[in-house]
Amino acid sequence: MDLATLLQVLDSTVRLATPLLLACLAGLFSERAGIFDIGLEGKMLAAAFFSAAIASITRDVWIGLGAGIAASLALSLLHGLASITFRGNQLISGVAINFLAAGLTVLIAQDWFSQGGRTPSLIGAGRFEPIVLPGAEALAGVPLLGPIYAELISGHSILVYVAFAMVPLTWWLLYRTRFGLRLRAVGEAPEAVDTAGISVVGLRFVAVGICGVLCGLAGAYLATALQAGFVKDMTAGRGFIALAALIFAKWRPWYALYACLLFGLLQAVALRYQNIDLGVFVVPVQFMDALPYILTVVILAGFVGKAIPPRAGGEPYVKER
Amino acid sequence: MDKMPGWADAVLVPLISLILAAILSALVIIGIGEDPIAAFNLMVEGALMRSSGWGYTLYYATNFIFTGLAVAIAFHARLFNIGGEGQAMIGGLGVALACLYIPWPNWYVALVGATVSAALFGALWALIPAYLQAKRGSHIVITTIMFNFIAAAVLNYVLVNLLRPQGAMDPATARFPEPTHLPTFQEMFSTAAEPMFRGAPANVTFFLALFMCLAVWVLIWRTKLGYEIRAFGESESAARYAGISPVKITVVAMLISGGLAGMMALNTTMGEAERLVMNATEGAGFIGIAVALMGRSHPLGVLLAALLFGFLYQGGAELALWTNIPRELIVVIQALVILFTGALDNMVRMPLEKLFLATRRKA
């Protein structure tokens with residue numbers, strides 16, 4: 001494999017890892033606060049549709065982005081209402097949100113555009129364009145580093161840089177601020193947070209809200225940057241891969257980055273090579289597709305380091321009387 | 001007394017949830033510029049007013065009975081099996097292998113054999129998540145989700161690389177041999193004078209589904225194992241004190257659940273398509289969640305909820321055919337049912353409980 005091919009694969013790794021990373025960090029905020037969220041997929045899907053739909057109507061991708069985030073946030077609040085306010089089952093709520101998004105997006109797409117559940121292709125200002133970082137062209141001639149800078153680091157859409165910047169930001173927010181300490185505490189021992197006079201319900205709603213915004217970014221990236229428009233079920237399980245990455249990362253931001261890059265790489269390789277001939281035997285493309293899930297099960301099984309979820313995760317908090 | 005009567009919990013709460021879901025669905029239909037009453041009439045017309053419509057309604061209901069029972073039995077052990085979809089896919093593989101490679105003399109022997117094979121394959125697919133939950137504490141919801149995706153990849157590989165007949169383009173097995181053909185309702189109930197259920201896919205598997213409802217009821221409420229499953233579901237620590245092994249109950253409940261989900265494939269694969277295709281499950285594994293929630297995990301409730309969803313499915317297909325409402329409307333209704341009967345249960349229950357308490361105080 002020559003350098004150009006390698007760079008292409010890595011470049012596509014970065015593109016494919018971006019929605020996973022945004023969704024994974026979204027899940028991290030929610031689950032660290034004790035709210036399990038298997039509705040990442042649905043929120044991404046809703047955001048993908050509304051960002052593409054509004055961007056194609058207004059011809060402004062930024063308004064589209066806002067609409068996508070709003071849609072995802074609305075589903076987040078629904079999840080909060082069900083699992084925080086009414087103390088319902090968080091997993092069932094997540095399942096419901098996934099179906100709600102899967103159905104409503106196609107229903108509305110058909111009503112608005114009559115194109116069989118897709119939006120019109122986005123052109124021009126309706127899409128996020130790649131950003132060429134300063135000096136990328138001048139440095140392209142430098143051996144090794146030049147192409148890496150020009151191909152791999154430069155030339156992505158703004159949301160890619162946002163996603164990668166979110167990793168240190170999340171780390172700082174969680175581990176270096178008072179808000180972060182409280183957020184982590186509310187996922188481990190909500191009764192302690194309550195005793196300290198801080199609202200468990202309020203904190204959890206904030207966490208679920210952040211989760212909504214990040215899922216909104218992830219969905220908008222899918223429909224307005226990675227691809228040019230919305231198609232039915234375009235998230236294609238990415239929300240669940242992000243969930244897998246979150247477990248793989250043991251609910252920590254930097255590890256989330258590595259896990260998402262790994263799963264992004266798997267997707268990129270599967271996309272480019274289909275069946276991989278190793279000489280001795282052929283690795284079928286289906287195995288590459290299933291690998292993130294298999295790895296997650298192995299991690300969950302605790303044979304390779306144990307993944308321990310936040311202690312109060314999934315439990316609605318009931319104030320003592 | 002601070003509880004409301006049992007009948008209100010079993011009937012009133014799901015009913016109110018259903019009405020809420022129906023109102024919201026009607027609003028959605030109005031939102032896309034169609035008339036909800038006309039749409040409902042069309043659904044009734046297409047699903048219930050002709051015997052062929054009933055043939056489709058019962059065909060879909062058969063799928064949902066199996067997957068609904070699968071989710072319900074896991075619920076009794078307080079396990080949430082989201083993996084019905086994957087277990088049904090692998091169950092389909094079991095059906096296909098049994099039908100293709102064993103020379104069955106006639107359909108009823110074949111049905112027994114294929115049932116065993118489907119249940120075995122489905123149960124096997126549930127075994128690993130069950131074992132990991134019981135022994136290693138891995139969250140069963142996550143592992144069963146992961147196993148759905150792994151099942152899809154396995155099935156894809158097997159169909160494309162192993163079972164596809166030479167020269168065929170689409171990823172599917174060869175047609176099953178003639179002796180495995182299950183009698184359809186059309187063949188069973190039509191007379192020379194009056195054809196019934198014409199062209200509909202409902203088949204003898206429906207009666208197997210009814211029988212499984214009864215079997216699950218007996219298992220849950222009339223056997224020691226069922227008692228242990230319910231005790232474990234009510235309180236794990238109490239069950240442990242009573243000498244009930246958590247590992248055993250988790251694994252056994254999941255095996256039964258997976259087996260039931262796997263049996264769903266009998267209806268779609270052996271009864272309808274008569275070959276194994278890629279998307280044989282069509283999301284029925286997930287609808288099982290809605291069915292079990294609405295049916296309050298009781299076999300009779302599951303049966304009624306499955307019939308309702310069968311009606312919605314067939315009615316939805318009619319809508320997609322005659323109006324501008326796509327089939328995805330059913331997915332929305334399904335989501336609303338799951339939301340109201342599952343996640344927002346307390347929203348319905350709390351005011352109702354208050355209402356009952358208030359009336360009791362007056363009396």
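The backbone N, Cα and C atoms fix where each Cβ goes, glycine too.
Some features that TrEMBL has for this protein:
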- A:20-40: transmembrane segment (TRANSMEM)
- A:61-84: transmembrane segment (TRANSMEM)
- A:90-109: transmembrane segment (TRANSMEM)
- A:156-175: transmembrane segment (TRANSMEM)
- A:196-223: transmembrane segment (TRANSMEM)
- A:255-273: transmembrane segment (TRANSMEM)
- A:285-304: transmembrane segment (TRANSMEM)
Remote residues contacting the transmembrane segment (A:196-223) - C-beta distance under 8 A, at least 6 residues beyond either end = 18-20, 22-23, 25-27, 29-30, 32-35, 37, 40, 43-49, 51-52, 64-65, 68-77, 79-80, 84-85, 119, 122, 128, 157, 159-160, 162-163, 166, 182-183, 186, 190, 229-230, 234-235, 238-239, 242, 317, 319
With pairs restricted to those 6 or more apart in sequence, evaluate whether the transmembrane segment (A:156-175) and the transmembrane segment (A:20-40) have 3+ C-beta pairs under 8 Å.
-> yes
Are the transmembrane segment (A:20-40) and the transmembrane segment (A:90-109) close enough that 3 or more Cβ pairs fall under 8 Å, when only pairs 6 or more apart in sequence count?
-> yes
